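**Student:** Below you'll find the structure I mean.
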Amino acid sequence: MHFSIPETESRSGDSGGSAYVAYNIHVNGVLHCRVRYSQLLGLHEQLRKEYGANVLPAFPPKKLFSLTPAEVEQRREQLEKYMQAVRQDPLLGSSETFNSFLRRAQQETQQVPTEEVSLEVLLSNGQKVLVNVLTSDQTEDVLEAVAAKLDLPDDLIGYFSLFLVREKEDGAFSFVRKLQEFELPYVSVTSLRSQEYKIVLRKSYWDSAYDDDVMENRVGLNLLYAQTVSDIERGWILVTKEQHRQLKSLQEKVSKKEFLRLAQTLRHYGYLRFDACVADFPEKDCPVVVSAGNSELSLQLRLPGQQLREGSFRVTRMRCWRVTSSVPLPSGSTSSPGRGRGEVRLELAFEYLMSKDRLQWVTITSPQAIMMSICLQSMVDELMVKKSGGSIRKMLRRRVGGTLRRSDSQQAVKSPPLLESPDATRESMVKLSSKLSAVSLRGIGSPSTDASASDVHGNFAFEGIGDEDL
């Protein structure tokens, strides 16, 4: 997650108290909470008490006198670095002390009282699930409530996550972010003050081998089936006409497991697709559509001749990655109308091992760059867990009154309608040469053999590679 403190505000104290400086903490470019220096100092002291001073990053010291504007700016920069360092630390960033501080601050900033509400959560096929939660319930609480409503077993809850999405005019979802443990889902979605934003339940893992665990349960099977049918209908999963015919036949027979087994062999099964954006590969300002899955980033692009191409970057070939944000300045008459100082430009850049001795930076410019980075990190985490022989199955950390809250009534996952005929305008992708030759490339109907991806966040899954592997 991308933490920043891009601005400060001078605010009046409660009941006519003295004015103070508030620091606006943004997560992924959106205001999360507004806090005072004293609140952050209290957080720092609590973390120091629990973990020791040696573990913590430097915290800006107290000042005896009022700060000048220059000193306020300096403190803002120092607090921003502090919050980023704490969040990036595996111990501190996942601590309940840090996360509960952010949850309380979010609720206080949005001035949302603690009360019971009905929250709408969508399944991948658009089916609505209404759950009764508290406005102060954190992400895991809401996920448990949804699982209870669907009668999903406790040991399968960790295979699914809640995502904040924006519903576009055509009904498609544009993914904003995966909801995290430091936020309150009800507050997160309502604070955006737009009916376009929704919360969606979707599987949270990338390796299709984990499907076997989920498919053994009736509810888990139905959730995977509904998500897969939806992804095919949206064109996220790439199918040929013959594959589509086979899938429809299995769907008519209600052979859900066999349907999923066939879908697992298809290109882009289980991938998350992003909105159209721009990359500097294979050439500058190249329009692309990015998808993440199967330990890779896939870039679909159209080169001269209007042929649709695909390049795949394996996460194990990415040495590191970074997300940067900037505010472009208008350049006289050449700047487009409405494009000004307030528009934030986000970029995901990763250093990719093109050949044994050649690393190259690839940059993707997209409002969803942070979400792409989160996907890369989760793919790396999953690879490392699998490499160490661990399991992604998560045990629930908390219980309410010793047991999970269960809804009085369960809700079944509705079977989606039969697949429609494949879009005749969909084009097959052909392999590229020259500049793209070092990247794994496929046509739509070709077998899913090699996959390629890249990363710059200090990638522990980065592997050495020889020319013969490319």
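The backbone N, Cα and C atoms fix where each Cβ goes, glycine too.
Quick caveat, the model's predicted, so the values are computed rather than measured.
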**Student:** Quick test of your reading of Swiss-Prot: among 29-41, 42-54, 81-93, 458-470, where does it put region 'Interacts with the retriever complex'?
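**Tutor:** Swiss-Prot lists region 'Interacts with the retriever complex' for residues 458-470.
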**Student:** Which one of SER18, SER204, SER325, SER440 shows up in Swiss-Prot with the note phosphoserine?
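**Tutor:** Candidates were SER18, SER204, SER325, SER440; Swiss-Prot attaches phosphoserine to SER440.
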**Student:** Can you dig through Swiss-Prot and tell me which residue of SER94, SER312, SER409, SER448 is labelled phosphoserine?
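**Tutor:** That would be SER409, per the phosphoserine annotation in Swiss-Prot.
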**Student:** Going by Swiss-Prot alone, which of SER174, SER355, SER437 is annotated as phosphoserine?
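**Tutor:** Swiss-Prot annotates phosphoserine at SER437; the rest carry no such entry.
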**Student:** Per DSSP, how many helix, strand and coil residues does the domain 'Ras-associating' (115-206) have?
**Tutor:** 24 helix, 35 strand, 33 coil
**Student:** Could you please provide the mean pLDDT value for the domain 'Ras-associating' (115-206)?
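**Tutor:** A mean pLDDT of 94 is what the predicted model shows over the domain 'Ras-associating' (115-206).
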